[in-house]
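Accompanying notes for the structure given below.
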Amino acid sequence: MLRYVLRRFLLLIPMVLAASVIIFLMLRLGTGDPALDYLRLSNLPPTPEMLASTRTMLGLDQPLYVQYGTWLWKALHLDFGISFASQRPVLDDMLNFLPATLELAGAALVLILLTSVPLGIWAARHRDRLPDFAVRFIAFLGVSMPNFWLAFLLVMAFSVYLQWLPAMGYGGWQHIILPAVSIAFMSLAINARLLRASMLDVAGQRHVTWARLRGLNDKQTERRHILRNASLPMITAVGMHIGELIGGTMIIENIFAWPGVGRYAVSAIFNRDYPVIQCFTLMMVVVFVVCNLIVDLLNAALDPRIRRHEGAHA
């Protein structure tokens, strides 16, 4: 298992490096001048002398490979530069906004797990009957409706007409319900449908038939033989959804005025705050690859065949 963990971890390094190169080049070779944006956000006149000194200060007068090496070296030491807008270290700003984003993403993840698992099991138990049709309809809505559109519908229904929940802001538990549901709905619909399909597929396999012939009742067979094997695809999906939840907060946080990293990143994009954009994009890459690593390790722990397969190809 240790060899498998090391192998998976070493594969992350070239992935993150390749992503960092793409991020850097997209921002450096894109339209606009970082020096001009820095002066604009600092309320300084963009005279030729100021532009030249700003380019020197930001290192923009150096070759691209030198700029990238300097940025990567500082990023490895958690130095992502100074925000053009706030004139504060980017990492400090990120850490200030991160708790609100983690709170929202955590609430959405709990909602996904508490709803998708029971819905998937319920649909699989009542295949081609009313509960199954209801869950499949919910799944259809979830994959068809963008989260920002669902957010507007929830605000209109529960904030404008019924006035049960606040439309925006950050405070008590009432403020987190609508944004958490908006982020979680698509993922819980996908997971419920995936668990249903996995359970039905496993239920038709030979070892489940033999378990029933040995005298196990339906609940014992489901718990011991079906759910364990059917949970592997869902674990993979949940791991992917964790990164999507954090990335999906960008739009939702702006709709609900939630003071998180996503709202901060959108503001940086509009202001062309290059250090913040670079930091946020690289952070999202790291979140996705770490989530993939955790999912791979969980799958390997639950299914020894994965470890044996990796060992055979080592």
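From the backbone N, Cα and C atoms, a Cβ is placed for every residue, glycine too.
Under the topological domain names given by Swiss-Prot, VAL5 lies on the same membrane side as ALA134.
Between the transmembrane segment (104-124) and the listed ranges 9-29, 137-157, 170-190, 232-252, 275-295, the one holding the most Cβ pairs under 8 Å is 170-190. Regional average pLDDT for the topological domain 'Cytoplasmic' (191-231) in the model is 74.
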